[in-house]
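What TrEMBL says about this one:
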type	residues	note
COMPBIAS	1-19	compositional bias 'Low complexity'
COMPBIAS	58-68	compositional bias 'Low complexity'
COMPBIAS	92-108	compositional bias 'Low complexity'
COMPBIAS	111-127	compositional bias 'Polar residues'
DOMAIN	134-187	domain 'Amino acid permease N-terminal'
TRANSMEM	219-238	transmembrane segment
DOMAIN	222-726	domain 'Amino acid permease/ SLC12A'
TRANSMEM	250-279	transmembrane segment
TRANSMEM	299-320	transmembrane segment
TRANSMEM	341-360	transmembrane segment
TRANSMEM	366-389	transmembrane segment
TRANSMEM	418-440	transmembrane segment
TRANSMEM	452-476	transmembrane segment
TRANSMEM	586-605	transmembrane segment
TRANSMEM	611-632	transmembrane segment
TRANSMEM	644-662	transmembrane segment
Amino acid sequence: MSAPSSASSATAENAATENDFLAPDAGQRPPGPTPSQSRFQVDLVAEAAGATDDKSPSSDASAAAPEGPDTDPGVSSEEAKGRFRVVNFADPSGAGSAASPEAAPAEGLQNGDTVMSETSLHSSTGGQHHYHYDTHTNTYYLRTFGHNTIDAVPNIDFYRQTAAPLGEKLIRPTLSELHDELDKEPFEDGFANGDELTPAEEAAAKEAADSKGVVKFGWIKGVLVRCMLNIWGVMLFIRMSWIVGQAGIALSCLIVAMATVVTTITGLSTSAIATNGFVRGGGAYYLISRSLGPEFGGSIGLIFAFANAVAVAMYVVGFAETVVELLNGVDAIMTDETNDIRIIGTITVILLLGISVAGMEWEAKAQIFLLFVLITAIVNYFIGTFISVKSKESAGFLGYDGSIMWENMGPDFRGETFFSVFAIFFPAATGILAGANISGDLADPQLAIPRGTLLAILITGIVYLGVAISTGSCIVRDASGNMNDTASSQFAMNCTDAACRFGYDFSTCKNEKDGCRYGLHNDFQVMSLVSGFGPIITAGIFSATLSSALASLVSAPKVFQALCKDNIYPGLQMFAKGYGKNNEPLRGYILTFGIALAFILIAELNTIAPIISNFFLASYALINFSVFHASLANSPGWRPSFKYYNMWVSLAGAVLCCVVMFVINWAAALLTNVIVLGLYIYVSYKKPDVNWGSSTQALTYHQALTHTLHLSGVEDHIKNFRPQCLVMTGYPNSRPALLDLVHSFTKNVGLMICGHIRTGYRRPNFKDLATDQARYQRWLLKNDTKGFYTPVFAEDLRQGSQYLLQAAGLGRLKPNTLVMGFKNDWRDGDMMNVETYISMIHDAFDFQFGAVILRLKEGLDVSHIQGQDELLSFQEKTSGMKDVIVSIDTSKDSDADSSKPSSKATSLQNSPAIQKDKKSPTVPLNMSDQRLLEASQQFQKKQGKGTVDVWWLFDDGGLTLLIPYLLTNKKRWKDCKIRVFIGGKINRIDHDRRAMATLLSKFRIDFSDITVLGDINTKPKKEHVAAFEEMIEPYRLKEDDMEQEAAERLKNSEPWRITDNELELYRAKTNRQIRLNELLKEHSSTANLIVMSLPLARKGAVSSALYMAWLEALSKDLPPILLVRGNHQSVLTFYS
């Protein structure tokens, strides 16, 4: 497989030298590879026509014969393609590579893979770097610095995401490919196979072909024009003058400045997020969701898209109202005013939809035309202010004058307040996200969004201030419009109004009931009056409304499409589909059209307008908060190239946005917050399967790290003791009963680590270990189990448990209790496994851990049962898993090597994860397996009314009592009552019961009954003692029956054997275990769970066989029993 180099071919001399340098002697090549000799080397081949006549399969599979040094340079330069082909290189002696001392020897080459040149790069030193594409691992290799190596130099394509729109993703060589031994995992042999494209090349070629003709905008057309059109709304022409009349020039400038501060801070925050990595389509939704995560992004995305859709209606109705006023002026009303607004609005929105659907290019052309009209109207107004016309004076336009400016400087609120006027103006400042909303259609969003948005805010802010100052400086607040309202000379003497200086007296209309008809306060169309040519202002109003409507009509579907593509709301997937080369969201356009049309038909938008403003403000607040949050999280991934932002300024911006929301309309602000919160809760509950590396994740990590470090600096206190359990589960799904029971009392209370010791590996595969760690951690999360899975490789179980006891956990979040399953089959296998098992308990005590052992008479390990695979049903296929399930029941462990699944261990074939993949027919379970499976699920069910019997025989610090208390606090166990059994003397039973009741009440632990057992030391029944003797018979040393030397040798080789001396010494303790079993059967045979003090055995004095026999005798034939022994540090206190 080869492809032409993208750079020009090398010269003939270079080609010849390269060939000489790289190629082994063609005659030394064997006809085909043997499995032990699969080595491939890249060879540069100048493919001259008819270079070789050999058409044999081996010749086709390898490269054409290279040119020799004598090849004619002319032919070479014409015909050489500079291609790379794979050459089978199987010369162990290295003779073939003797041509160059630098050529890599055969042993050093990577295992056989098909390699192909992607491109040639010329470095500054003149050396050539050739990319080679590996078809098996999708890796681009690089012949670097003149040497054959697959180590790649830095390249932007390695860092692309899979669906990169800017270029093809390349995969760098993995660490394993560079580091692993060559014979560890032989690759599949492969040869060059013609000139077909690889799948990756095909995808790249298709994308390149598709991208031709896609319209991408620069910062002016894409962002600046859109933002200016959206910010300059109708407000500029028909409300700005009224605002100046109400608030005066000073406060009007303050209102504009306040609005501009909010939008500028938001613009800076938008710029920071937009320059922190590549921005795709989706505007505000994309920025917020990738920063704060899908919960905030999903909630704001939906309301932002809806707000834009309704804004279309709002702007179109504004346009229709102006048209109806014009029609009214010439008596051309069709039906009545409301219906005319509906008719004109409907026609307008259909035309706008047509422009939008025609494509972004048409829409952009329409926007530029509308901007031209709008700027013409603004210029026309400013020119008009300098042209004094006598006929306009009676309407209040008297030209620039200091006295008018001074009179209009202060406020004159009539039925309004500062904040109500601010609330009316602020929607005029929104629209700063118009450019960001089409981020997917920008050629370079990282440059365009900051530059276009901030410049638009600056220009529009200056124009708003200019209009405020100019209207306030040349127009009086009240005018009658009557040319005859001139001031008499006597009145002029006493008059203080600015109009008096121009000879007008408008006091008559001020005193009338209806008031004056003209002036800043009364005439919304005063800018038309002032302007050089009135109809141009009307055209400006049309332009402002239509351009804003068009921008919103484009924004809403784009944002909605991005939201649907991410599948945050599963039901909306159908709107994700795009059409044409620009991936236009036609379905989104139709939906937006439908929403806009519905609100146009309502025709009363005064109620909906504040909600729209609040929706926009909510998204501004979250964009500002995103920047603060990302800066606070201090994630290394937060490094925007736009540096002019500050986290505290962004936080202030977020607070300001929230304040403005309530200033504009507190009811709408409350409604907005409720909607956002509701959608946030919904998305949090649905937990969409996305991972965008949000700042929420970064902050969670930051806080976890900070709190863990802080916790490590604080001494433990008894009141805060929590059982933090290291649970020896093996694979988490192999012992469900153990996992479920421990999870019942650690969930939301303490730490649970599922320890898994993997033994018997000649060559441990740490990569598999890491893969399994991730897979089973996901399994725990999927099953809502709050714990961590920690596997280790070790020589044997004891070594592995020591690793875990020492290293598991972090700081104060370390286990303090070892939990194991009881070794039911201890008598069936090698007794050295029992020695290991008992040693693990001793090790736990040495590490100052508590120890807990769970025994179910049916057993715990279900990993061998077929049909139990639903436990892993969510997982990916594990057909490549070469692993064995290592159980705590060490009789099932052996020297299993990962490459030999036929060992005694529960192997790949029996693993529940594999049974599903093989689609094997479910074999009916035998009775014991059926019982085991049922028993393994008993702690998943609600326990109902029953008892948890606590046999607190020895004081271990209180762990034996704390675990049942925590259990009965949980929902599944809350109906169970705690019964306490203690040892005592027959003549002091009442006294002991009272003492225990007092202690429990001081500990604030509820109990239903206390039983004092006065007959613990009574001798057990003879048949039970005989059964015990029979059980330990095979494990006795019987040193009295052999010579001392032979006995010592046997004890050294089999340390678990029970000596006669030891048996006699601990006869009383043995009898106590047998007797306790009788009492347990008598008192607790119906309990849901028995929690009992674990008997201790002195290390080195009691053999493991005897200790195991005690545990067996104590716990056999009983309901589920938990043998507990704390580390004899108090875990309960009655002090506050």
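The backbone N, Cα and C atoms fix where each Cβ goes, glycine too.
Automated prediction, rather than curation, is the source of TrEMBL annotations.
Counting residues 6+ beyond its ends, the transmembrane segment (644-662) has Cβ neighbours under 8 Å at 261-262, 265-266, 268-269, 271-272, 422, 426, 614, 617-618, 620-622, 624-625, 627-628, 631-632, 668-669, 672 in the same chain. Between the transmembrane segment (366-389) and the transmembrane segment (586-605) there are fewer than 3 Cβ pairs closer than 8 Å, counting only residues 6 or more apart in sequence, so the two stretches are not in contact. Note on the transmembrane segment (219-238): residues 263, 315, 318, 322, 364, 367-368, 370-371, 374, 377-378, 425, 427-432, 434-436, 438, 441-444, 447-449, 451-453, 455-457, 459-460, 463-464, 467, 524-525, 527-528, 537, 540-541, 543-545, 547-548, 551-552 of its chain, located 6 or more positions outside it, place their CB under 8 angstroms from a CB of the stretch. By the count of Cβ pairs under 8 Å, the stretch nearest in packing to the transmembrane segment (418-440) among 341-360, 586-605, 611-632 is 611-632. Outside the transmembrane segment (250-279) by six or more residues, the chain places 166, 231, 240, 243-244, 286-287, 290-291, 409-411, 418, 421-422, 425-426, 428-430, 432-433, 436, 439, 442, 445-446, 449-450, 453-454, 457, 461, 464-465, 468-469, 472, 620, 623-624, 626-627, 630, 637-642, 644-645, 649-650, 652-653, 656-657, 660 with a CB less than 8 A from a CB of the stretch. Within its own chain, the transmembrane segment (611-632) is flanked in space by residues 262-263, 265-266, 269-270, 272-273, 276, 284, 287-288, 291-292, 296, 300, 303-304, 306-307, 310-311, 314, 426-427, 430, 432-433, 638, 645, 647-648, 650-651, 653-654, 657-658, 660-661, 664-665, 668-669, 671-673, 676, 695-696, 698-699, 702, which lie at least six positions past its ends and keep a Cβ under 8 Å from the stretch.
Between the transmembrane segment (299-320) and the stretches 341-360, 452-476, 586-605, the greatest number of Cβ pairs separated by less than 8 Å involves 586-605.
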